[in-house]
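According to TrEMBL:
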ACT_SITE  E387  active site, proton acceptor
BINDING   H386, H390, E409  Zn(2+) binding site
DOMAIN    83-278  domain 'Aminopeptidase N-like N-terminal'
DOMAIN    321-538  domain 'Peptidase M1 membrane alanine aminopeptidase'
DOMAIN    620-943  domain 'ERAP1-like C-terminal'
TRANSMEM  12-36  transmembrane segment
Amino acid sequence: MSGGLHLTVTKCRAFGFILVFIGSIMTVGLSVYFLAVRPNYPAANSCSSPKRPLSQSNFLGGLWSNKSVLVENVIRLPRTVLPRHYDVRLWPILEKGNSTVLGRVTIDVQCLQSTDRIVLHSSDINVDLKSVQVIERGAVEESLFIEGVDYETVTEFLVIRLNVERKVKLAKGTNYTLSMNFVANLTDTSAGFFRSVYIEDGVERYMAVSQMEPTDARRVFPCFDEPNMKAIFTVTLGRHRDMMALSNMPLINTTKMNGMEDFYWDHFAPSLLMSTYLVAFAVANFTKIEADVDNSNWKFNIYVRTSAISQAQYAKVIGPKTQTFYENYFQVPFPLPKQDLMAIPSAFVGAMENWGLLTFGESVLLYDEDVSSLDDRQTVVELVTHELAHQWFGNLVTMDWWTELWLKEGFTSYVECLGADFVDPSLERLQQFVTSGLQTVMRLDALESSHPISILVNHPDEIGELFNDISYKKGAAITRMLASFIGDQSFRDGLTYYLRIHQYGNAVQDDLWNAFDKQAKLDRIFLPTKVKTIMDTWTVKMGFPVITVQRDYMSRNISVTQKRFLIRKSNSTTADTTVYLWWVPLTYTADFETIETNWLADNQSSKNLTLESEIGMNNWIIFNINETGYYRVNYDAHNWKLIAQQLMTNHTVISVINRAQIMNDALNLARAGLLHYETPLNLTKYLEREVEFLPWESTLTALSYLNSMMQRTPGYGLLKNYVMKLLLPLYNSLGFVHRTSDSHLTGKLRRKVVQCICFMGHKDCITRAIESYSQWMADPGNITIVPSVVKGVVACTAIRHGGELEWNFAFKRFRESNVASEKATLLSSLTCTQESWILAKMLEMCLNPAVGFRTQDALDVIKTLAENPIGRFMTFNFVREKWPEMTKIFNSIHSLAHVFESMTKSFNTDMELKELSDFVGKNKELLVSAMTRSTQQSIDRVRSNLSWMRQNYQQVVNWLQQNNPATST
């Protein structure tokens, strides 16, 4: 989210754009007239406003000040006045060189407590101060006397002060109307109301679209910008006759703009009660695609560029199918009359769940089966099912405050898997969550600098930092755990109860826990304590436990202990006095036919269990069945050996998910110093017979850490040869080319294997990739030469082993491609070059979108270049030098945090730690408050890497020397 925000008095520049636009019309007053304000409103003399800082000005007779008017530095609005209805009128000026939005907002408010001021949000908006009026509803239409308008910089509060001397106050229980005219900015940063520039049929085109979450509605119009201050919104948008306008609700009528030929106002139906961050607008020259819906209650539409119509067919099929699934799953009907999905061609990444108008980056909504990859198809399903799940979880029922962001993102990230498996069962999305979700977030949550799911927010910028894997993936992981121990049907019925009770309102996590408690009691589900008591240990504490299992092989007795799992425990004394014990649902088996359950309580660091069934001393036991629990498992040495023997003898006896869990747990336990590396490396030997995606994905992800640590060491050749030995049987079996009979996961496995073995230097793989790429270069229009499933691997390998010619071909294809997912694949491939001068050229291109990469692509380029062994230090030096410039260009804290992670995750020397720490120390002001945690996590990772090199590197080298195969090429 953008930092460094400030409110300024109206600017000559903004209205200068308007004057250029309307040509002969030379007064600002007429532009106010276009906004249909009352005739007796005085127009602001905008261009004569002083340019010195507001705190030193006396603009409009002292009406305005920029001082801090609040005693406490809080970020929450007072509850003295609440909004009930907004009438929002906006006209985005879509002209080259213009970044203006003319606006007027009228807010019906109710006074809950007598007060002499109205406090709401506003940021980067030029308010016409003379137009500000507060009128009592039902009384004489005459504004109350306003003494002044103040702005609180830190909190972004707009404070309208009534005249105290005249004893002007708002009366409790009385309704008022607050109105004002303003000019907002049409930004280029995917925040607020922003402009997207794209090329269609060789012509540069403009569109305007909104992105309000979390706190950017205040950039578009003055509002009460908190999720629990819901209201009804009536929207009117101005547009040219060649454009269309969209909002949350259907269009009800269109009227001509007074005195403006070819311009119209589109009027939309009033919304349902909703939060400001869900309000959405779009003005574009797009084509509408209507989906076939077996439902008369709502319509389903896709909006895209005309040339991208064919790429929207997949979304057209899965979209309404998903929405119908959720209606049935939640047993709550979708309440709006229409659902629109819009593909934004540039300046937008990811997706947003605006109620009734979902927005997506093109690469995550559009799919071309001839060009896009299997991963691209899965991404479309994931994003569509995720955003549609939000229509209930987040939109219909909204978290009370951002502290509980996970309440919508975590649950939705789990439920999306259910939706994905319904609309496309071949994805096996819920099974994939184990590696893509649970195991991924565990790596972050194992740092001392992690944070709880539920966390207090002390600054507006900090809200943006909560949109991370802890909220999404850990939230989904503990939701999956909850569904497991109360049962799928009780989980579903509990959600239905929760949604029905709190629909159109707000909720806190205790409301959800209470719903599940009621359902569990109704269904006679035995739990050791209340759901709230169990789940609070997972939401208010950071991290997760490692469960250590110690068997008594002469009996059925087992000792289990829990302790917080940390990749590295620092020696420094901290103020953290938290007792890291959890309510842990234990599941375990010795044969996968009988599964036993038990609990560790949050006051138990250890517990003795007695198995219900007999188990021989030569039989293994496995805990955390299907890895439904959010914890790692360690065993005594003999049980590890028994598991290894079973994997070597017949690995299919152990479930696919538990094979993935065993490999990931063992490698990470060794990384943390809780297990000698001999144990997990011995386990990897069975992989020569493994043919399932999940165990390979889990293992290769964990082994990638060894790859990054050893890449610059003498032992790296040993690691490469060993990994190639494991991969060769699968490479020979799967082959290089996709087969139509392949399952989705088999296709993903092939891409993973080819990618790894080519990277490790396998000659046959490299030769085939280079040959395919050369054929493609000779016949660029032939899309069948390089199968989409391996296109990224082929291009990356050819560019890595090629030169300028190969790079230029991919760059040309990147610039010319009309398929966003293909552009993303080629963009990543461009960063594979080993030519230092090309890497340097790419870095410079990231800061020059006119001749290089678009702003939204540039950060991806920088992140990927940082993972290139040749480009790692070049990228770090570039970022150090250009950081002030980057913070201005890339107005996304979340993305900049990812740059830090990519740059530093392979640092493992004292010098690198010092350089990183020095950089962070010297740039504390530019590393805005919302990045504090991200930068600290980067430093923690590097310290952990240093510790690993000292403690584990030689262990791994010794084992590899003893198990080193002949070089396989």
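Heads up, the Cβ atoms here are built off N, Cα and C, so glycines get one too.
H390 (Zn(2+) binding site) carries neither a helix nor a strand DSSP state and counts as coil. Take the mean position of the Cβ atoms of H386, H390, E409, the recorded Zn(2+) site; other residues of that chain with a Cβ within 8 Å of it are E353, E387, A389, F393, G394, K408, T412, S413, E416, Y472. Sequence-distant neighbours of H390 (Zn(2+) binding site) (same chain, 6+ apart, CB under 8 A from its CB) are E353, K408, T412. Other Cβ atoms within 10 Å of the Cβ of H386 (Zn(2+) binding site), summed over all protein chains shown, number 24. A Cα-Cα distance of 10 Å separates E409 (Zn(2+) binding site) from the residue listed as 'active site, proton acceptor'. The domain 'Aminopeptidase N-like N-terminal' (83-278) scores a mean pLDDT of 94 in the predicted structure. E409 (Zn(2+) binding site): 25 other CB atoms within 10 A of its CB, across all protein chains. Here E387 (active site, proton acceptor) comes close to A351, M352, E353, L358, F360: these same-chain residues lie at least six apart in sequence, with C-beta atoms under 8 angstroms from its C-beta.
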